[in-house]
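J.: Okay, here's the structure, questions in a sec.
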Amino acid sequence: MKEILITNDDGFEAKGLHELADALRQIPDVNVTIVAPSSEKSACAHSLTLTKPLRFIKIDDNFFKLDDATPSDCVYLALHALYQKKPDLVISGINHGANLGEDITYSGTCGAAMEGVLQGIKSIAFSQFYKNNSIEELGFSLACQIVKFIVPRVLEGEICLPQRQFLNVNIPAVAARDFKGYKVAPAGRRCYATHATLNRNPRGVEYYWLGNAALDYEEGQISDISVINDGFASLTPIQLDMTAHASLENLKKSFQ
């Protein structure tokens, strides 16, 4: 029996989380445990909660929410407080929205997969891209189809995940009948907004909202972003080695 721990950054009630769990339970000889944040934690990246205690709240058998925790908290505490033996796989998702290019650095979904990798466990992040679609309109049927294709191959070693790397999977905003297949691609480059929108409440107090600007991407390169826009699922191996190795020698020369 293979043990899979799943979490997300949309919260324990999110439809994508429950669709993921249902899809995984259709894979033979798999046991699924859910540990998810008690509320939405989008864009919390790979943060841990170090300034207050955390507690598990049992929802059902093998289903817990972690009170006011981040996705990385969920993975860390589940591994050290719930499991006596490490699970075979950590899966984060299915996120309500894509995690493409530099989104990965902000993503709580990807942060949870990073934590799994740091704990020595194979990890995958699944995210559903939306263009002009709503969650209700597009649903998760294609995403679940992709989960059931990829996960057994990871568990069986057909898809190799080296140490300190996780697999980032983004699902295109198309119906299953229009799905074009799978493409392995590098993470692209997002073009982020360079302005902030000022608002005022009825009393005239100023405030700002983050994340409400449309994002573009650098064209002319094959990337996870272009692949998704073409109707393919993107598969991107993400490594945790953040050293810019190509710059090491030049930097050393500056200090000789």
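The backbone N, Cα and C atoms fix where each Cβ goes, glycine too.
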J.: Which residue of SER38, SER39, SER42, SER123 does Swiss-Prot report at the same divalent metal cation site as ASP9, ASP10, ASN95?
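T.: For the divalent metal cation site that includes ASP9, ASP10, ASN95, Swiss-Prot also lists SER42.
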J.: Taking every protein chain shown into account, which of the binding-site residues SER42, ASN95 has the largest tally of Cβ atoms within 10 Å of its Cβ?
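T.: Result for the most crowded candidate: ASN95.
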J.: Enter the number of other CB atoms within 10 angstroms of the CB of ASP9 (divalent metal cation binding site).
T.: 32
J.: Note the Cβ centroid of ASP9, ASP10, SER42, ASN95, the recorded divalent metal cation site, then list each other residue of that chain whose Cβ lies within 8 Å of it, in sequence.
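T.: The answer, listed by sequence position, is ASN8, GLY11, ALA14, GLY16, GLU40, LYS41, PRO71, HIS96, GLY97, SER107, GLY108, THR109.
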